[in-house]
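Undergrad: My questions all concern the structure below.
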Amino acid sequence: MVLFPKINNIANGTATKGRPRRLFVAPSTQYPLFLYGLGDDQRSFLSNIETGSQYEQPDDNSDAASVSTSRSLPSTLNSAHTTDDQESFQSWLHEEHQRRMSAASSPVDSDDEDYDNLEIGRRRRSSATDSSLMEDFFTMKTNYKIETRSLFKNSIPLVITFILEHFFSIVALVVVGKMGTAELGAVSLATMTATITFAIFEGTATALDTLCPQAFGARNYEMMSIFVQRTNVLSLVMFLPCAVFWWFSGAVMKYVIDDPKVVYLTQLYLRYLIWGAPGYILFENSKRFLQAQGIFEAGTGILFISAPVNIALSWFLVWNETFGVGYIGAPISANVNYWMMFILLLGYVAYIDGKKCWFGIASWGELFADWGSIMRLAVPGIVMMESEYMAYEIMTLFASYFGAVQLAAQSAVSSIASLTYMVPFSVGIAAATRIANFIGGQNVRGAIIATRVAMIGAVIVSVLNFLVLWSFRYPIARVFSDDPEVITLIVDLLNPLVSALQIFDGIASVCSGILRAQGSQKIGGYINFISYYAFALPLAMVLSKIVGLQVFGLWIGVGSGMVVIALSEAAVILSSNWDDILLKAGLLNEFGDDEDDDDDDMF
């Protein structure tokens, strides 16, 4: 019998390294979640049992004996129609929700004491008392006003956080750029390489945008703790080949860069940055742990501390006559700040907010179990991230063939677009968290309302981006250059081509967040990859070189890809099958619960 891999793992006990779970599965042809052999009889978790009938222990020799249940299923499972299946399933989840809530008896104070006395490898038991302090997404009644306020409140700190993070690379360029042309070129190349590499781990972290908020909405708080730790270990393992590449990056870059000094300095920068990269990776993953709980201001507060420290430390280590170390001071400063950000985040969880969802260090078995479920979400997330990052870098590379003026204008416009992109990107993350919370709580009405508000918000912030870039195109151009030719070209690009494209890029960013909330990263990955590399970039090459539009052709081509992505992802979201989305999330969250929960229900 073939089940969803996740459910098979839970039933066999491999997902949590605990005792095997026995799940009773009755026959149905309405929701074929798995097949019995190759026969025509397809059965599902929901059944055709008539109203009022009872589940009985199957005979050991029967097919159904291989799967039985540790949960009390609802007594009214009538699967005449798919809609009835979904209603019965949600009714059962509601019964389980109420049962777990009434089962917990330990007071909040005792939970705090458990946390304070927590030892490595020892985890406290999940209780509904913890969750009573948090929002109940299962029963929450919401409306457009509430969701609009929530989206605005949660997006603002994220916008500030990402803008401050964006300035880390700019600080290195400014501080080192005064040392000479070779140093500036090396830092630019090293920063670009690091950005592309970090996009891999930002894409991996998008798996947590699905897993953690859905688990939080389902009140499965212990799984949040396990998901984050498991993703941290997976990400660090994935970084090992990246670190090897950084260490020997000069062997590759010498075929691209003619200047041996630039190649050497680039490799030197990356070799030092290896020691700080794990701190950045852990920070990005752990930040999702707080965001899933609706705690968005933590990252902002941490960046308000680390950003000024980064500026001061970079200048001190590079230029101080007594203690300065010159060029390598820039990556050393970045390393210090990456680890400081992660340590401050741990301190925030321990002493300020977020510890209610922390259940101690997971066992080795739990840390290395079920990586496949994370990778199924992470790989499409990586594709989505890298597709756009690489598209911008390829545009800049193409622009270099059209002369210094074209390259300077393209670099400036790309920097502007990347900065304004942080606004809809933040809205997308805030929306993804909220929608995934409702999905985890099986609250379809809340999920739909939050999705509609997010879509409207995407249009509003994207139009605002357009108006800002178009209205202030002259001051923006003068910030980046004093050369009249470069200024004129920047203004022409922003009037209105690049400015208008920010509307579609912003909508696509928020739609990608909604797809992550639904657990549909794979769809977004396909759309992004095909749109950019099968359509947009080939068109950009034709328009820029063959037609002769140069940098305008690059933006028309890539911008066409943005339009396709925005419209395609919006169409997917508007045609979403919410019953399927909630059913899949409910199954995974319910049976991913901790193994020591309700042992008395085993039979």
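Every residue, even glycine, has its Cβ placed from backbone N, Cα and C.
A TrEMBL annotation is a machine prediction, not a hand-curated record.
Sharing the record's features from TrEMBL:
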COMPBIAS  63-81  compositional bias 'Polar residues'
REGION    52-122  region 'Disordered'
TRANSMEM  155-177  transmembrane segment
TRANSMEM  189-212  transmembrane segment
TRANSMEM  233-257  transmembrane segment
TRANSMEM  295-318  transmembrane segment
TRANSMEM  338-354  transmembrane segment
TRANSMEM  421-441  transmembrane segment
TRANSMEM  453-473  transmembrane segment
TRANSMEM  527-546  transmembrane segment
TRANSMEM  552-574  transmembrane segment
Undergrad: Are there residues at least 6 beyond the ends of the transmembrane segment (338-354) whose Cβ is under 8 Å from a Cβ of it, and what are they?
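TA: Residues 276-277, 279-280, 282-283, 286-287, 289-290, 293, 295, 298-299, 301-303, 305-306, 309.
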Undergrad: Out of 189-212, 421-441, 527-546, which stretch has the largest tally of CB pairs under 8 angstroms to the transmembrane segment (155-177)?
TA: 421-441
Undergrad: Of the stretches 189-212, 295-318, 527-546, which racks up the most C-beta pairs under 8 Å with the transmembrane segment (421-441)?
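TA: Comparing 189-212, 295-318, 527-546: 189-212 has the most Cβ pairs near the transmembrane segment (421-441).
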Undergrad: I need to check the long-range neighbours of the transmembrane segment (552-574): which residues 6 or more away from its ends have a CB within less than 8 Å of a CB in the stretch?
TA: 391-392, 395, 398-399, 410, 413, 451, 455, 492-493, 497-498, 501, 504-505, 507-508, 511-512, 514-515, 518, 520, 523-524, 527-528, 531-532, 535-545
Undergrad: Which residues of the chain, 6 or more past the ends of the transmembrane segment (295-318), have a CB below 8 A from one of its CBs?
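TA: Contacts of the transmembrane segment (295-318) (Cβ under 8 Å, skipping residues fewer than 6 from its ends): 154, 157-158, 160-161, 164-165, 167-168, 171-172, 175-176, 179, 287, 324-327, 329-330, 332-334, 336-337, 340-341, 344-345, 348, 352-354, 430.
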Undergrad: Six or more residues out from either end of the transmembrane segment (233-257), which same-chain residues have a Cβ under 8 Å from its Cβ atoms?
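TA: Residues 189, 193, 197, 200-201, 204-205, 263-264, 266-267, 270-271, 273-274, 277-278, 281-282, 285, 367-368, 371, 374-375, 378 contact the transmembrane segment (233-257) from elsewhere in the chain.
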Undergrad: Who are the chain neighbours of the transmembrane segment (527-546) in space, where the CB to CB distance is under 8 Å and they lie at least 6 residues beyond its ends?
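TA: Apart from its flanks, the transmembrane segment (527-546) reaches 383-384, 387-388, 390-391, 394-395, 398, 401-402, 512, 552-562, 564-565, 568-569, 572.
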